[in-house]
Amino acid sequence: MTALGRSRPTHVLANAPFRRLWMAMSVCSLGDWLNLLALTALAGNLTQGDYRVQSLAVGGVFVAKMLPAVLLGPLAGVFADRFDRRLTMFCADLARFAVVLSIPFVGSYQWLIIATVLVECVNLFWVPAKEATVPNLVPKAQLESANQLNLLVTYGTAPIAAMLFAALSVAGDLIAGIVPFPLGRDATGLALIVNACAYLVSAFLIFTLRDIPKRDGAISTPSVLKQVVEGWRFVGRDRLVRGLVIGMLGAFAAGGAVVGVAKVYVEALGGGDAAYGVVFGAVFVGMALGMFFGLRLLRELSRRRLFGLAITVAGLVLVAIALVHNLVIVVMLTVVLGACAGIAWIIGYTLIGLEVDDAIRGRTFSFLQSTARVTLLLVVSLANPLAAIFGLHVLALGEFSYRFDGTNLVLLIGGALAVGVGVLALRHMDDRKGISLAADLIAAVRGEQFPTEAAEHVPGLFVAFEGGEGSGKTTQSRLIAIWLRDQGFDVVQTREPGSTKIGMRLRAILLDAAERGLSARSEALLYAADRAEHVEKVIRPALYRGSLVITDRYVDSSLAYQGAGRALDPKDVSKINAWATGGLVPHLTVLIDTPPEVGLTRLGGAADRIESEPLEFHERVRKEFRALAAAAPERYVVVDGTLPQDVITRQIQDRIREILPDPVPRESEDITGTMPAIRD
Ligand SMILES: Nc1ncnc2c1ncn2[C@@H]1O[C@H](COP(=O)(O)OP(=O)(O)O)[C@@H](O)[C@H]1O
Ligand SMILES: Cc1cn([C@H]2C[C@H](O)[C@@H](COP(=O)(O)OP(=O)(O)O)O2)c(=O)[nH]c1=O
């Protein structure tokens, strides 16, 4: 999406030859979608009567449409390379025109399938020739915009084609009512004629496009299967990407299930070809709505959570579609389904763009595209045969009878799968563990941000040490960490600022005594930035491994030093820190309360930027620490820092002992059975 800002796609269209090619592509895309709709509808109409035969017939069209690309794709790429591209595209368009036009005139299912395979074989020449031509017509800097426009017409024409198909069906029925319709058995003939004409228009546009060079460089069309296998090797390694890819494919499959069985399903509900067009279009209209408006909705919800949620809801909606036998409700639900799938796609794409390393981003995208094709092929080619095998059942419940057929079953399975994938994605990539989804959702609906994390829900144990300069935090946190390790706990001892790579740089800026000009606000933001890194890279991962995390300073330091010390609004400091930490609160905070006169005299070496603040500053800091502890005594232990070290240590140990988990987690006790428990 960022590319839109860099070079507007309209600039590419200012380029006359590309504009002409783009128009040809648009017309062809519209024709392709119309073709898919008309052929599946015609296949269904030609085999009306037997439910199983009809399901298989519609499924056959999908298989005939997809198989040539999978089997012959790479081969055709090599051939397409040897011919003049303009001539290739021109002849391909003429051939497609002739073959598509013949379908309604012949009007038999066998010819429909043969013609479909022929058209797809011709497409195998047209598509690589077009792909190879675009870089010749467009300067490199605008290639990305050109590809976006390309994508826009590839999918953007689908709802237009669906609506056109519905309109043509109605018009066809009307004409057939007045004069017996001569072409084919029904109104799909009209759609196929329009489809054939679209290819003819494209042929004309291409013919007049003299700028297409004969050939230039090789066209490479790697095998789809090879792309998938190789892509997974890179993509499968990363947990986040794995979650995203599985989720996006789940969303894709859910949409595919509806598209695959829509014709037979709509007919079972009493709808004709026009209704089929409407349901088909509803998926794409919903998708477009989801992509454009979905992200504005629930702006405050974590994107990763919204992603999983959208897929889960899509699954539930699909289940409802499977069970409700009312065409109007089904169309409305289909729009919702499309919207959920659209939201999932756009979040997935954006997250991959933002969070996946540069080095594997390109591969991830191309992996996704090729896997999406294979998924779609599998879903649509399995959906109809599965529906056919299951056949038609009518459940009689007293006076009521409930129809449940193969398409219902397919939609039900698709829905259940999507729910499973959605829940998996929610679990796999949750960035707000410990906060219930419901609480998060309610907050997001109200427009509130980041409800505080209830510390009890985080696995592991999180203890923070706080206090003024020289109060003895470092000494005590070290002693406590040793004591805990001795008991068999996995302990991560860390501190702020500066426990991450970025944090070390921030620390250098923050504590450099020469850095006098730093404003209070930027100081607060830099400490928060360090904390955000610290939480994401060190603390959270350790807690979720079940470790005990001991940190020397945390949010309270910012509230005390920046809030009270620098006199910033405590609410603001609290808010940026809640954002930075995702609301992570320690289970226990140990405050070592030492008067600044005492603490400051303990320090050796040159004073850093903060240490060299006047005494009143440190007094304010101390007061704030004590106020924070007094406000939530259950989460604090306050010890007198002037006491001898060993006395302080014992006091802290006594308090921590109360909240220590069992060193051997219950699950592993179950597994290990008779293994002795770990003692000293
Ligand atoms: N309870 C105590 N009594 C006296 N000196 C102490 C005590 N605790 C720590 N010290 C000493 O004070 C100095 C600062 O302690 P340190 O743990 O580094 O404080 P902080 O991390 O809070 O700045 C160290 O030299 C340490 O040995
Ligand atoms: C974490 C944090 C530290 N600070 C200050 C307090 C300390 O003077 C300094 C941290 O330096 P450090 O050398 O770690 O001091 P200490 O041993 O006392 O912890 O940064 C803030 O002002 N805000 C914060 O949020």
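Cβ coordinates come from backbone N, Cα and C, glycine included.
Proximity of distant same-chain residues to the transmembrane segment (21-44), defined by a Cβ-Cβ separation under 8 Å and at least 6 residues beyond the stretch ends, is recorded for 13, 54, 57-58, 60-62, 65, 89, 93, 96, 100, 103-104, 109, 112, 116, 119, 126, 130, 133-134, 137, 146, 149-150, 153-154, 157-158, 160-162, 164-165, 169, 184, 186, 188-189, 191-192, 194-196, 198-199, 201-202, 205-206, 209, 212, 263-264, 267, 273, 276-277, 280. According to TrEMBL, the feature transmembrane segment maps to 21-44 (among others).
For the domain 'Major facilitator superfamily (MFS) profile' (21-433), the model gives a mean pLDDT of 83. The domain 'Major facilitator superfamily (MFS) profile' feature in TrEMBL is assigned to 21-433.
Taken from TrEMBL, the feature transmembrane segment covers 56-80 (among others).
Residues 9, 12-13, 22, 25-26, 29-30, 33-34, 37-38, 41, 134, 187-188, 190-191, 194, 272-278, 280-282, 284-285, 287-288 of the same chain sit 6 or more residues outside the transmembrane segment (149-170) yet have a Cβ under 8 Å from a Cβ within it. The transmembrane segment annotation in TrEMBL covers 149-170 (among others).
Marked as transmembrane segment by TrEMBL: 190-209 (among others). Long-range contacts of the transmembrane segment (190-209) within the same chain, counting only residues at least 6 positions beyond its ends with a Cβ under 8 Å from a Cβ of the stretch, are 17, 20-21, 23-25, 27-28, 30-31, 34-35, 37-39, 41-42, 86, 89-90, 93-94, 96-98, 100-101, 103-104, 164-165, 168-169, 171-172, 175, 183-184.
Taking Cβ pairs closer than 8 Å, the transmembrane segment (240-262) reaches residues 55, 58-59, 62, 276, 279-280, 283, 287, 307-308, 310-311, 314-315, 318, 321, 334, 337-338, 340-341, 344-345, 348-349, 351-352, 355-356, 360, 364, 367-368, 371-372, 375-376, 379-380, 383-384, 387, 406-407, 410-411, 413-415, 417-418, 421-422, 424-425, 428-429 in its own chain, all 6 or more past its ends. Residues or ranges marked as transmembrane segment in TrEMBL: 240-262 (among others).
Per TrEMBL, the feature transmembrane segment maps to 274-294 (among others).
Residues annotated as transmembrane segment in TrEMBL: 306-324 (among others).
TrEMBL lists 330-354 (among others) with the feature transmembrane segment.
The transmembrane segment annotation in TrEMBL covers 374-397 (among others). Beyond its flanks by at least six residues, the transmembrane segment (374-397) meets 51-53, 55-56, 58-60, 62-63, 66, 70, 224-225, 228, 249, 252-253, 256-257, 259-261, 264, 403-407, 409-410, 413-414 of its own chain at Cβ-Cβ distances under 8 Å.
Annotation source TrEMBL lists transmembrane segment at 409-426 (among others).
According to its DSSP assignment, LYS473 (ATP binding site) is helical. In this view, LYS473 (ATP binding site) is surrounded by 25 other Cβ atoms within 10 Å of its Cβ, with every protein chain counted. Taken from TrEMBL, the feature ATP binding site applies to GLY467, GLY468, GLU469, GLY470, SER471, GLY472, LYS473, THR474.
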| field | Within-chain partners of the transmembrane segment (330-354) [C-beta distance under 8 Å, separation at least 6 from its ends] | value | 1-2, 240-241, 244-245, 247-248, 250-252, 254-255, 258, 269, 275, 278-279, 282-291, 294-295, 303-304, 306-307, 310-311, 313-314, 317-318, 320-321, 324, 361, 364-365, 368
| query | Within 8 Å of the Cβ centre of GLY467, GLY468, GLU469, GLY470, SER471, GLY472, LYS473, THR474, which other residues of the chain have their Cβ, at the recorded ATP site? | reply | ILE592, THR594, GLY599, ARG602, GLY641
| request: Report, as numbers and ranges, which residues of the same chain sit near the transmembrane segment (409-426): CB under 8 Å and 6 or more residues beyond its ends. | output: 243-244, 246-247, 249-251, 253-254, 257-258, 260-261, 265, 305, 307-323, 379, 383-384, 386-387, 390, 437
| request: Filter the candidate list GLY467, GLY468, GLU469 of binding-site residues, keeping only entries whose CB is under 6 Å from an atom of ligand 2. | output: GLU469
| task | Please state whether DSSP places GLY467 (ATP binding site) in a helix, a strand or coil. | result | strand
| task | Find, among the binding-site residues listed as SER471, THR474, the one whose Cβ has the highest number of other Cβ atoms within 10 Å in the structure shown. | result | SER471
| remark: Among binding-site residues GLY468, GLY470, SER471, THR474, close to ligand 1 by Cβ (under 6 Å) are GLY470, SER471, THR474
| note | Counting every protein chain shown, other Cβ atoms within 10 Å of the Cβ of GLU469 (ATP binding site) number 21
